[in-house]
Amino acid sequence: MAMRSHYCGLVTEALLGQTVTLSGWVNRRRDHGGVIFIDLRDREGYVQVVCDPDRPEMFKVAEDVRNEFCVQVKGLVRARPEGTTNDSLKSGKIEVLCQELNVLNPSVTPPFQMDDDNLSETTRLTHRVMDLRRPYMQRNMMLRYKTAIQVRNFLDKEGFIDIETPMLGKSTPEGARDYLVPSRVHDGQFFALPQSPQLYKQMLMVAGYDRYYQITKCFRDEDLRADRQPEFTQIDCETSFLNEEEIRAIFQRMIKEVFQQQLGVDLGEFPTMTYQEAAHRFGSDKPDLRVKLEFTELTDVMKDVDFKVFSGAANMKGGRVVALRVPGGAREEGGLSRGEIDGYTEFVKIYGAKGLAYIKVNDKAKGRDGLQSPIVKNIHDAALAEVLQRTGAQDGDLLFFGADKEKIVNDAIGALRLKVGHSEFGKKNGLFENRWAPLWVVDFPMFEHDEEEDRWVAVHHPFTSPKDGHENLMDTDPGKCIAKAYDMVLNGWELGGGSVRIHRADVQAKVFAALNIGPEDQRAKFGYLLDALQYGAPPHGGLAFGLDRLITLMTGAESIRDVIAFPKTQRAQDLLTQAPSPVDEKQLRELHIRLRNPLPAAH
């Protein structure tokens, strides 16, 4: 007989009276007064199998099966008795009366129960094969697969061609650290794994392929965070002969269709916000618009106050002073406690802030006397009045302040805004709106100044085109040069980012010069690109989405590792296979590599 006629989770009342053959895993076995019930599981879900003692041979097998045994069942689909249906299962109205039961493979005792939700990540990643059997992980992986298929179908209909680009490429030490692969054939030389297929896809545009995509792995050897992996999957796209707005329109439609089809969610309109506005209002280039808190600009107000923390920042070059108004944060009942405020003070220090000044607005009508804070005595009346007026503060509100270099203020108070908005207090007091909040952030600066190295670096990458009319600013005032760059942001996560690229060799050389990459270096690192741009390169641009991030958002998973089959830990290790691991001396010799501090040989 066939090993399987149907998936367990797809057996419904449509099959009543039919004999089915199922193969799967024993999720649970229950002995109810002489009748044995087996919950049989496969990737599509569960079905209840009933084993009656009137078939003694089959019943003996049923008595011996345990959780996670791999078994095959042949039986009759019948309606469950009244009062025993389970509406949470597709198969909840039926059960399978077992006629034959074969153990395909027994299982040792599993390291954890499949329904245990309190497992440590170390346990889950060490026993990843078993973790992947759990319905939670199977749902995540199925959604990932369905989303990837839908993206491919969408791009295919839009005329995009799937072209693979090399995994072994040239190392260019711009941006994040490369993963290097030593060449055995070319002594002392190295390939790099791609951080993105950026230059290959641009050259495909020069080659006339017009619309390209691939769903591909990218690699970055950087310190990991909750939403980062050393290898990640990108939906990588490039187009020719489309302007910035046209490119954004295609991919906005793609993401909207994915959410509609996979989740039944209408993402609605995507507002567009400039980088400048996002940083000014929210201190972030990927603002979470679900949080209803905004910065109030106070730099000009604080220039002449006696409180040196504020006046010092207000008068320093590149300094900034802002307030963050927390409605209801100073109320006697239900406001933020002293402990919570102290916790937030420690929290902002992570981002370089030296502390967190605040004012409690107890009674606005009393002016200075209605405000509670050690800093009030050092701020003159006109400044206090302006603070209250600009923030729109009401009785019971709490005002937090940030004063430092602009980057520190934006990072620290921007993070505080999210922390307060997502807190229990924020959710109870209407400071957080539970919805999908997409937007485009556009008009990024072309360059930012690296203080440590005292040089300009590219905000996106050095192949991004400046806005029309901004080319000369690269020579005269790089800080004012705006790029044709855009990011799609959803709920405070950057889902995808892209730009219109430089398609003229002279402009590309100018950007390299602004980044302090001299002519010789340009030829050595990017000569092939500069050459390609001279052969009538078309205007082109594109975008790349992080598939892992997209699925994390769609599933509501707590970690990006919950949507990747075999992820790395935050220390870039694979706990299942124990990678990375030492290699033997012979392999190193073939690669012309000697370790400076060799590991002791394992015994």
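Residue numbering: from 1, along the chain as shown.
Cβ coordinates are placed from backbone N, Cα and C, and glycine is handled just like the others.
Feature annotation from Swiss-Prot assigns site 'Important for tRNA non-discrimination' to His32 (among others); the stated evidence is sequence analysis. Secondary structure from DSSP puts His32 (site 'Important for tRNA non-discrimination') in a beta strand. For His32 (site 'Important for tRNA non-discrimination'), no same-chain residue 6+ apart in sequence has a C-beta under 8 angstroms from its C-beta.
Under the heading site 'Important for tRNA non-discrimination', Swiss-Prot lists Gly83 (among others), citing sequence analysis as support. When secondary structure is read from DSSP and collapsed to three states, Gly83 (site 'Important for tRNA non-discrimination') falls in the coil class.
Here Swiss-Prot flags Glu174, Arg220, His460, Arg501 as L-aspartate binding site. Sequence-distant neighbours of Arg501 (L-aspartate binding site) (same chain, 6+ residues apart, CB-CB distance under 8 A): Gln202, Met205, Phe463, Thr464, Ser465, His540, Gly541, Gly542. Mapped onto three states, the DSSP output places Arg501 (L-aspartate binding site) in strand.
Outside the region 'Aspartate' (198-201), and at least 6 residues removed from its termini, the chain residues within Cβ reach (under 8 Å) are 165-166, 169, 212, 236, 238, 461, 463, 526, 528-529, 542. Annotation source Swiss-Prot lists region 'Aspartate' at 198-201.
Around Glu222 (ATP binding site), the same-chain residues at least 6 positions away in sequence with a Cβ under 8 Å from its Cβ are Ala176, Arg177, Arg228, Pro230. Annotated ATP binding site per Swiss-Prot: Arg220, Asp221, Glu222, Gln229, Glu494, Gly546, Leu547, Asp548, Arg549, in sequence order, evidence recorded as sequence analysis.
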Q) What Cα-Cα separation, expressed in whole Å, is found between Gly83 (site 'Important for tRNA non-discrimination') and Arg549 (ATP binding site)? A) 42
Q | the region 'Aspartate' (198-201) [mean pLDDT, rounded to integer] | A | 96
**Q.** DSSP three-state assignment for Arg549 (ATP binding site)
**A.** helix
Q: Using only the Cα atoms of Arg220, Asp221, Glu222, Gln229, Glu494, Gly546, Leu547, Asp548, Arg549, which the record gives as binding ATP, return the largest interatomic distance in Å, rounded to a whole number.
A: 20
Q) DSSP three-state call for Arg220 (L-aspartate binding site): helix, strand or coil? A) coil
